[in-house]
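The structure appears right after this line, and notes come after that.
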Amino acid sequence: MGLSLIVSAWLFFRITGALFNPNISLALLLVGAIRPVRFVLYCIAQMLGAIAASALVLALLPGNLASNNVLGTDINPAQGVFIEMFITTALVLAVLMLAAEKHQATPFAPIGIGLTLFTCHLWAVFYTGACMNTARAFGPAVVTGFLYEDHWVYWVGPFLGSVLGATFYALLKHYKYWRLAPDQASVDFSKSPGDPVVAIKNLFTSGTDIEADRDAAVGTSGAGMGEKADGRKSDDSAV
């Protein structure tokens, strides 16, 4: 799943924004990245695309359509909702922070988003099927006739994840998260750390030694000024 999303997102992100997920579209709507009309059009296209893709797979491949958007044997619906909510939140944050936020790593956003999807799948696939996409659950359900009674989990969980992810992103933006590490995205060499040996030496140098060095420097400077002053006096007396 992660690799397929990386390829698909890189192919289409400059054309449509590579939005294949209504829950991501909802998050973008909530943060003001897209307008309501575009959101509705995206959702219609995503749902119809999921149905068409499911029907095509069912027609091309032998046997029944295998959909893993079902709860595990030991997972109840409430657990399924929260699992889907949290993994959808992770995916939403990846999209918002890597793609919606414009920075030097934005052209490589599909890699980060795909790896996020892959990681969430590794953890949640045995519990809920790691849907994170209502369209991905809706398309196969329409084609197969809604065989599973817990289909609503894949509407509620990802929806809550969209809201939670968008809320967290909004808080980060409101409190200007970039001020916490202003040079984090810089490529300016002067922003790099200094000499580690000097930094460690300064770290372990006692305050007394620092004050002594400072006093010695001031004393030397003062002595030089005094000699200069005496020289001027002798010159004046000679005159």
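Each residue, glycine too, has its Cβ placed from N, Cα and C.
What TrEMBL records for 227-239 is compositional bias 'Basic and acidic residues'. The region 'Disordered' feature in TrEMBL is assigned to 215-239. Annotation source TrEMBL lists transmembrane segment at 12-32, 39-61, 81-100, 107-126, 152-172.
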Any residues 6+ beyond the ends of the transmembrane segment (152-172) with a Cβ under 8 Å from its own? 23-24, 26-27, 30-31, 69, 71, 77, 80-93, 96-97, 100, 128, 131-134, 136-138
Residues of the parent chain within Cβ reach of the transmembrane segment (39-61), under 8 Å, 6 or more residues beyond its termini: 19-22, 25-26, 28-29, 67, 135-136, 138-140, 142-144
Given a Cβ distance threshold of under 8 angstroms, which distant residues of the chain, six or more beyond its ends, lie next to the transmembrane segment (107-126)? 1-3, 5-7, 9-10, 13, 18, 68, 72, 83-84, 87, 90-91, 94-95, 98-99, 132
